[in-house]
Ligand code: GLV
C-alpha cells in the first residue's frame with residue numbers, strides 16, 4: 001500500500017496542478033512540450049457533486065446504506081472463484097424473489113431494458129410471430145424491440161391504465177399464433193398491476209411462451225413465477241429491490257430454454273446471447289466458465305445485498321408492507337382532493353401511484369416546485385401517460401408511512417403555491 005504522506009502528496013499534485021492551470025485559464029508551462037491538443041476539462045478537475053434527494057418517483061429509489069456499502073467494497077476480478085460464488089448466491093436470491101426453481105436464472109449486466117432485449121432476442125427468431133400487450137410504455141418498447149429484430153409483431157392494445165381479460169388474451173393468441181406473448185405485471189407508466197392468474201395456462205394451451213416484465217412490481221406486489229406458469233420473467237435492480245440501477249435479474253424455465261437453445265439462427269446480439277450468458281453464470285453444466293464480458297462487479301455486490309434484505313424481510317412481508325404504505329398514501333391523496341388514476345384499488349400498483357393531473361395546474365411547474373422546495377422527486381407520466389398523470393413511487397427502503405406523509409405534505413404545499421399557474 002502507498003504510504004499515507006505519499007498518497008496525500010500525490011492527491012494534492014493531481015488535484016492542484018491542473019486545477020490551478022484550469023482556473024487561471026492558462027495551460028501549464030509544459031504545454032509547448034505536450035503532444036495533447038485537448039486540455040483536461042475544467043469540470044473534471046472539480047470534485048463530483050450530486051445532490052441529496054428524496055427519490056419518490058418511479059425509480060431509481062434511494063439506496064439503503066447497507067446496499068451502498070456493499071457496492072462500495074473493494075472489487076475483485078469478475079472471473080475469480082469468489083465472484084462466481086457471489087453470482088451463485090445472487091442466483092438463489094433471484095430464485096427466491098421470483099419464486100422459481102429455474103436453474104436458468106441470472107442477472108443481466110445492464111438495466112431492465114437489457115433483460116427485455118435479452119428475452120426477446122433469445123426467444124424469438126426473425127419472421128416469428130410475437131403478441132405484445134400494450135397498455136403503457138413497456139409494451140410499446142417490447143413491440144419496437146421485437147420489430148427491430150425482424151419478428152412479426154401483433155399488439156393487443158388498451159389506453160394507459162387498461163388491462164386485458166384472459167378471454168381477450170386467448171382470442172388474440174388463437175388469431176396470431178405467436179411464439180411469445182409479452183405482458184407487463186407492474187406498468188409503472190400507468191400505475192397498474194396486471195392480474196396474472198390463468199394467463200400462463202392460456203399461453204400453454206396455445207403453445208406460446210409467456211414473458212412478463214416485473215421491473216416496477218417485484219417485491220412490492222405478489223408474483224409467483226412457477227405457480228403462475230410464467231416462462232420468462234425479468235426485473236430491474238433499482239425499484240423495490242433498492243440497488244443502484246444497472247443490473248437486471250432474469251429467469252427462463254425449461255420450456256423457454258427448449259425454444260432458445262434449439263433455434264436455427266444466432267440471436268442478433270453477441271452480448272445478450274444466452275448461450276454465452278448461461279455459461280458465464282455457471283448455468284450450462286460445463287466445468288469451466290469462459291470469458292464473455294466483464295460483469296459489473298460492484299453492481300453485483302449491491303444486488304446481492306438488496307436480495308439479502310428481501311430474503312431477510314420475507315417476500316410476503318414486503319408485499320404486505322408495500323400495500324399498507326400505498327393505502328396510507330392513497331387515502332392522503334384523496335383527502336387532498338386528488339383523483340387516483342386507477343379507480344379499482346385491486347389494480348393499483350403498490351409501488352407506483354398515479355394521480356390524475358388536477359385541473360388548473362401545469363404539472364411540470366408543480367413537480368419543479370416540489371423538487372426545488374422539498375428536494376423530492378415525483379414524476380409526470382411516461383410514454384402514452386405523459387400529460388395524464390403525476391407519479392409517486394414509494395418502494396423498498398423508501399416505502400414508509402413517514403415518507404408517504406412527507407410526500408403528501410410536499411404535494412399539499414405545491415398545490416397551494418402553484419394554483420395560479422397557467423394550465
Ligand atoms: C421507469 O421505469 C419509469 O416508470 O419511469
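Placement of Cβ uses the backbone N, Cα and C atoms for every residue, glycine included.
Remember, TrEMBL labels are computer predictions, not curated facts.
Residues annotated as domain 'Aminotransferase class V' in TrEMBL: 54-400.
Residues annotated as N6-(pyridoxal phosphate)lysine in TrEMBL: 239. Other Cβ atoms within 10 Å of the Cβ of residue 239 (N6-(pyridoxal phosphate)lysine) number 28 in total over all chains.
Summarising the annotation, TrEMBL assigns substrate binding site to 391. In the three-state DSSP scheme, residue 391 (substrate binding site) falls into the strand class. In the structure as shown, the Cβ atom of residue 391 (substrate binding site) sits within 10 Å of 25 other Cβ atoms.
For the pair residue 239 (N6-(pyridoxal phosphate)lysine) and residue 391 (substrate binding site), the Cα-Cα distance reads 14 Å.
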